[in-house]
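One structure is given below, encoded as structure tokens.
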Amino acid sequence: MKEKVILAYSGGLDTTAIIPWLKENYDYDVVCCCIDVGQGNELDGLEERAKLSGATKLYIEHVTDEFVDEYVMPCVKAGAVYENKYLLGTSMARPVIAKKLVEVAIKENAVAICHGATGKGNDQVRFELGIKALAPDLKIIAPWRCNNTWKMQSREDEIEYCKAHGIDLPFDASHSYSRDRNLWHISHEGLELEDPANAPNYDHLLVLGVSPEKAPNEAESLSLTFEKGIPVALNGKAMKASEIIEELNVLGGKYGIGIIDIVENRVVGMKSRGVYETPGGTILMEAHTQLEELILDRATLSCKKEIGNKFADVVYEGKWFTPLREALQAFVEVTQEYVTGEVKLKLYKGNIIKQGTTSPYSLYNESIASFTTGELYNHHDAEGFINLFGLSLKVRAMKMAEVEKNK
């Protein structure tokens, strides 16, 4: 009986070409494993395609709820945004994919896991760090780094290789973007996006929605309810977090919400350009941020922003299965204890407009914040505070004046 390799399989061009390549260069049975994290109709026809390409078996692991509850929600609660723009759509999906690949490898008694990430990208790092953390004894095969046997250097080469092995491709891969999709987002790279000087062809590339210019002229309002930092209802209707994201994707896409054109710094050192659509996620993150502004005290909110940035870096770099991520998440969980309330928003041509926020744990006190005189705050108290708060500035100014006088 042959040993087995588990291939992280999407049915796209790269992983389709890898199946015959593995059979040619390794004496393994190829078991494909597709992890369903909400990519929708991209799963159609996968089993037939995998077997026609030479795989012995295909697993489709449906883990959308697990992905959202255990990976997306911690990022939402942390306010994790990479380089001020990227909501980590691809990054946060990689650890759950690595985890499921390892589980299938153990079930099949496989000796190796293979992935189709290129040698220039982030995903090779994310997949392999996850696999090493969970199953250090498993061999990892990365075809794009196998220079002696992987001779394909472009999508065109892969297309010709597939044709030579009698594999019919269900798409025109030579004229398509490189995309990654899950419930949280879809990314687009390649074609005109390779040159940052080019404007994105939004009419051609957008999948989840429209550009703001083509959004309706009438705004639409919604409300989101949170409990301990987690969304639990949309417009008053109780729903799972995954269902809320799905609904918000439709609403946000309709109004051109969450489209970013970004040049980001990859883990491997180079810059890359892509267009990302995250309509539902953008709405959810904005609502969560607005609720926190009402509830968290100044010191905690300030520290949490720093932790959120670090959390984003850790997730982006593929370090999910580390003590550092666990420690950061533990801090975040404490901050979310009272992040409960309702946020009202209006969507209009790419904009998310605040319409009011309420919480039983709000620290906003109108009697204190109002410009009118109240019992809880005496305007004259500010004088002593300012004298103490500005004491160091006053002392330095006095010293500098003394220095200048003695010159």
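Any Cβ shown, glycine's included, is placed from N, Cα and C.
Taken from Swiss-Prot, the feature ATP binding site applies to ALA8, TYR9, SER10, GLY11, GLY12, LEU13, ASP14, THR15, THR16, GLY116, supported by sequence analysis. The L-citrulline binding site annotation in Swiss-Prot covers TYR86, SER91, ASN122, ARG126, SER178, SER187, GLU264, TYR276. Taken from Swiss-Prot, the feature L-aspartate binding site applies to THR118, ASN122, ASP123, supported by sequence analysis.
Features as recorded by Swiss-Prot, highlighted on the structure.
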residue	record	DSSP class
ALA8	ATP binding site	strand
TYR86	L-citrulline binding site	strand
SER91	L-citrulline binding site	helix
ASN122	L-citrulline binding site	coil
SER178	L-citrulline binding site	strand
GLU264	L-citrulline binding site	strand
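All protein chains included, TYR86 (L-citrulline binding site) registers 21 other Cβ atoms within 10 Å of its own Cβ. Separating the Cα atoms of TYR276 (L-citrulline binding site) and ASP123 (L-aspartate binding site) is a whole-number distance of 16 Å.
When the binding-site residues GLY12, THR16, TYR86, SER91 are screened for a Cα within 10 A of the Cα of ASP123 (L-aspartate binding site), the ones that qualify are SER91.
Considering only the binding-site residues THR118, SER178, SER187, GLY12 (ATP binding site) has SER178 as its nearest partner by CA-CA distance.
Local packing around the binding-site residues SER10, THR16, THR118, SER187 was summarised as the count of other Cβ atoms within 10 Å of each Cβ; on this measure the leading residue is THR16. The ATP site, placed at the center of the C-beta atoms of ALA8, TYR9, SER10, GLY11, GLY12, LEU13, ASP14, THR15, THR16, GLY116, has further neighbours from the same chain whose C-beta lies within 8 angstroms: ALA17, ILE18. Burial estimate for the binding-site residues (ASP14, GLU264): highest at ASP14, by number of other CB atoms within 10 Å. Rounded to a whole number, the distance between the Cα atoms of THR118 (L-aspartate binding site) and SER178 (L-citrulline binding site) is 12 Å. The C-beta environment of ARG126 (L-citrulline binding site), restricted to residues of the same chain at least 6 apart in sequence and closer than 8 Å, consists of SER91, ARG94, PRO95, ALA98, GLU317, GLY318. Take TYR86, SER91, ASN122, ARG126, SER178, SER187, GLU264, TYR276, the residues named in the record as contacts for L-citrulline: the widest Cα to Cα gap among them comes to 19 Å.
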